[in-house]
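Asker: So TrEMBL says this about it:
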BINDING   B:159, B:160, B:161, B:162, B:163, B:164, B:165, B:166  ADP binding site
């Protein structure tokens, strides 16, 4: 038997009027605090009608019967009718709004609107357009394709090939509508020991990504096995020279070896003094 | 004076050991329930030391003085020392973990680990690689570049040009590590009234995106002003024929006109029966 099979199991429902992303994010944060139990996640989005709420309640009850323990139910349901139905099911109902809305109403001297799914729900053509534009910008300015549009960039990531630039740019664009370009430091750039001409004038927007050579070698090896590109010698050289360049020009940089995309993106935003936009 | 300026203002801090994404998600969901107040968000991530906690506390106190009202402080701080420092500042401290960890410990019969930043913090090379692979897959299989790798796709989005396929694919990849390809229905495809050969064999993986012609016209007009591509006649034709095709082949589809990327992605996952992966 595997380790997984030895652990007790518990089904976890994420129930929402809309996408369920808020319930998932919050529930996931809490569950990561518990080891020794295997959680089985089930997202039940778009619970907008009595019928759908009843169907969700049935699924919760079934899971309780099958597992012999009541499921955890993380909910961001807002409408009273749907909430009452899901709450009555045989689960442990954890209500994100209940816990905080009361104290906030008191503090702000306002009544909450009880409107469903505002966090990832209400469509706003302007913010949608901004995110899509930022994504198109990231795609068009990926991998140093061109440096002509750097005036428009809010941040320009620099680093050797496979240091994490593209996913970070796309994440910044899709999440925060940030215009992020990226430029891969080539061997020529590194030999010169100078910032490439297209970058030098945008020095304040630069942020460097670096990575441990051994991890970089693994990534490159996967991509082009046994190539010069993936050799430890080449990788060592590139990483060392890139860091020399960052230090020489005072470019802030982050070692991405053990960072998630979220952490890299957060560090970049923070360093660039950009406040996140919420969508 | 603008509407914004007439509203009372309140600063909101999102304070975290790590990225602050959980605190932001929670706070943002709650704050969208309050109209008539202008919130000024300030994210303070990576509070890992006493010094940094003290600096955060100072910023909270300054905002309280400047604004004449104590800021809201959404916190996911875990370590007791940092938490105590930030909690003592002149803000309304809303503690995400405090509210839920106790009841969960009791329900699960376990003690929580009190480990910081697990949700978006702990690096896991395997899931990182999966997300990056999925992103590279989305980029390599964007816009019908090739249909050769559709065996590997978990979902294939189809729709006319500018119906929202690329952002949805990239979001699915970066967030959930889902392998998503996309294929733009061309005029030839629409005239034939048949699924293109590369798609037909993967019918079960298909998901259609459609959009209101007038919105599509706006988007295309921005891209190629006064072109045939952006004409209302062309747009009407394409959208109508694409929907005919979806219905003919029983391809589930969504009108994306008023949907956020998150809503489209959630609907696609739900329809494809894919459970989200958490990273």
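Heads up, residue numbers simply count up from 1 along the chain you see.
The backbone N, Cα and C atoms fix where each Cβ goes, glycine too.
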Asker: If proximity means a C-beta under 8 angstroms from chain A, which of B:159, B:163, B:166 count? These are the binding-site residues.
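Answerer: Of B:159, B:163, B:166, the entries that lie near chain A are B:166.
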Asker: Tell me, by DSSP, whether residue B:159 (ADP binding site) is helix, strand or coil?
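Answerer: DSSP assigns residue B:159 (ADP binding site) to strand.
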Asker: How would DSSP class residue B:164 (ADP binding site) in three states?
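Answerer: Once the DSSP labels are grouped into three classes, residue B:164 (ADP binding site) ends up as coil.
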Asker: Using the recorded ADP site (B:159, B:160, B:161, B:162, B:163, B:164, B:165, B:166) as reference, state which further residues of the same chain have their Cβ within 8 Å of the centre of those residues' Cβ atoms, listed in sequence order.
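Answerer: Everything else in range on the chain: B:157, B:182, B:184, B:209, B:211.
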Asker: Using a 10 Å radius around each Cβ and all protein chains in view, which of these binding-site residues has the most neighbours: B:162, B:165?
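Answerer: When each Cβ's neighbours within 10 Å are tallied, B:165 tops the list.
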Asker: List nothing but the one residue from B:161, B:166 whose Cβ has the fewest other Cβ atoms within 10 Å; the candidates are the binding-site residues.
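Answerer: B:161, out of the binding-site residues B:161, B:166, has the fewest neighbouring Cβ atoms within 10 Å.
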Asker: Using Cβ-Cβ distances, find the residues under 8 Å from residue B:163 (ADP binding site) that belong to the same chain and are at least 6 apart in sequence, listing them in sequence order.
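Answerer: Looking at Cβ-Cβ distances below 8 Å from residue B:163 (ADP binding site), excluding near sequence neighbours, one finds B:209, B:210, B:211, B:216, B:242, B:256.
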Asker: What count of other C-beta atoms do you get within 10 angstroms of the C-beta of residue B:164 (ADP binding site), across all chains shown?
Answerer: 24
Asker: Give the number of CB atoms, excluding that of residue B:159 (ADP binding site) itself, located within 10 Å of its CB.
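Answerer: There are 28 of them.
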